[in-house]
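Taken from Swiss-Prot, the feature signal peptide applies to 1-24. The disulfide bond annotation in Swiss-Prot covers CYS54-CYS67, CYS61-CYS72, CYS66-CYS79 and rests on similarity to another entry.
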Amino acid sequence: MVNMKASMSLTFAGLVLLFVVCYASESEEKEFPKEMLSSIFAVDNDFKQEERDCAGYMRECKEKLCCSGYVCSSRWKWCVLPAPWCR
C-alpha cells in the first residue's frame, strides 16, 4: 500500500514537472514571433516618409497636385486611381 502511494506521488510529481517544462517552452515560442515582428516593423529614422512635391494615393489634393498615375477626385478631393470608364 505504501509502495503504491509512493509510485503515485512520484508519477504525479513527474507530470507536474513535465507540465512546467512544456509551459515554459511554449511561452518562449509565443514571444519569439512577437519579437521578430517588432524588429521587422520597427520604425527607423532613415526610413521615415519624406515630404513630397505631389500627393500620393488617398492624400488630400487641394493644395498639392497628385503624383503620376493618380487623379484628383472631384467628389472627395483625394488622389485616387483613375476609373477605367473615365479614360
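Each residue, glycine too, has its Cβ placed from N, Cα and C.
Feature map: Swiss-Prot annotations on the structure.
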residue	record	Cβ within 10 Å
CYS54	disulfide bond	13
CYS61	disulfide bond	21
CYS66	disulfide bond	20
CYS67	disulfide bond	15
CYS72	disulfide bond	17
CYS79	disulfide bond	22
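Between the CA atoms of CYS61 (disulfide bond) and CYS79 (disulfide bond) there is a gap of 6 Å, rounded to the nearest whole number. Secondary structure from DSSP puts CYS61 (disulfide bond) in coil. Each residue contributes its Cα atom, and for CYS67 (disulfide bond) and CYS79 (disulfide bond) those atoms are 8 Å apart. Cα to Cα, CYS72 (disulfide bond) and CYS79 (disulfide bond) are separated by 5 Å.
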